[in-house]
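Copied from Swiss-Prot, the annotated features are:
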- ASP37, ASP39, SER41, THR43, GLU48: Ca(2+) 1 binding site (BINDING)
- ASP146, ASN148, ASP150, GLU152, GLU157: Ca(2+) 4 binding site (BINDING)
- 15-24: compositional bias 'Basic residues' (COMPBIAS)
- 1-26: region 'Disordered' (REGION)
Amino acid sequence: MSTVKGQTRRERPRGARPHGLTKQKRQEIKEAFDLFDTDNSGTIDAKELNVAMRALGFEMTEEQINQMIADVDKDGSGSIDYEEFEHMMTAKIGERDSKEELTKAFSIIDQDKNGKISDVDIQRIAKELGENFTYQEIQEMVQEADRNGDGEIDFDEFIRMMRRTGYGY
């Protein structure tokens, strides 16, 4: 942390990426912005944004596109500049990456690949991680996450649980 004019700010570790994006990903975002700013206005409107989002791998409805613009359009112009676009894309990429990570984690824990995490799955992964939970503690974990009462944790229940604990997106 450092202090500038009485304000405290967190220092980014040397070599850390701003916004958590790699230089390559930032370049892709800049290229997408430039490519889809077809009128060279320095801004992207809803139509241009829809094309840019598709190029970056996001399928979105017109309503979602309009909401995205409304969320970041500070001046109410109906379009977004590069800084707003980069900020928005950083958030979208973070959401996608988090979901991908949670999907991988679920797959690792769901050893028998039946689409559900059982008490046996939790016991096995806990043992692999060197955690010693009692059977009762494992049952409580399952019950806490098990919304539909089937005694196991499906993917949606897993996501919900991870969001509540701060590990998810």
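Any Cβ shown, glycine's included, is placed from N, Cα and C.
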Can you tell me how many other Cβ atoms are located within 10 Å of the Cβ belonging to GLU157 (Ca(2+) 4 binding site)?
19
Let me know how many other Cβ atoms fall within 10 Å of the Cβ of ASP146 (Ca(2+) 4 binding site).
17
GLU48 (Ca(2+) 1 binding site) CB neighbourhood, other CB atoms within 10 A:
21
Between THR43 (Ca(2+) 1 binding site) and GLU157 (Ca(2+) 4 binding site), find the distance joining the two CA atoms and give it rounded to the nearest Å.
40
Secondary structure at THR43 (Ca(2+) 1 binding site), reduced by DSSP to three states:
strand
Determine the Cβ neighbour count for GLU152 (Ca(2+) 4 binding site): the number of other Cβ atoms within 10 Å of its Cβ.
19
By a 10 A CB contact count over all chains shown, which of the binding-site residues listed here is most packed: SER41, THR43, ASN148?
THR43
Counting distance between Cα atoms, which of the binding-site residues ASP146, ASN148, ASP150, GLU152, GLU157 is nearest SER41 (Ca(2+) 1 binding site)?
GLU157
Other than ASP37, ASP39, SER41, THR43, GLU48 themselves, what residues in this chain have Cβ atoms within 8 Å of the centroid of the Ca(2+) 1 site's Cβ atoms?
PHE36, THR38, ASN40, GLY42, ILE44, ASP45, SER79
Helix, strand or coil: which one is GLU48 (Ca(2+) 1 binding site) in, per DSSP?
helix
Go through ASP37, ASP39, our binding-site residues, and report the one whose Cβ sees the most other Cβ atoms within 10 Å.
ASP37
ASP150 (Ca(2+) 4 binding site) CB neighbourhood, other CB atoms within 10 A:
11
Cβ within 8 Å of the Ca(2+) 4 site's Cβ centroid: which residues qualify beyond ASP146, ASN148, ASP150, GLU152, GLU157?
LYS116, VAL142, ALA145, ARG147, GLY149, GLY151, ILE153, ASP154
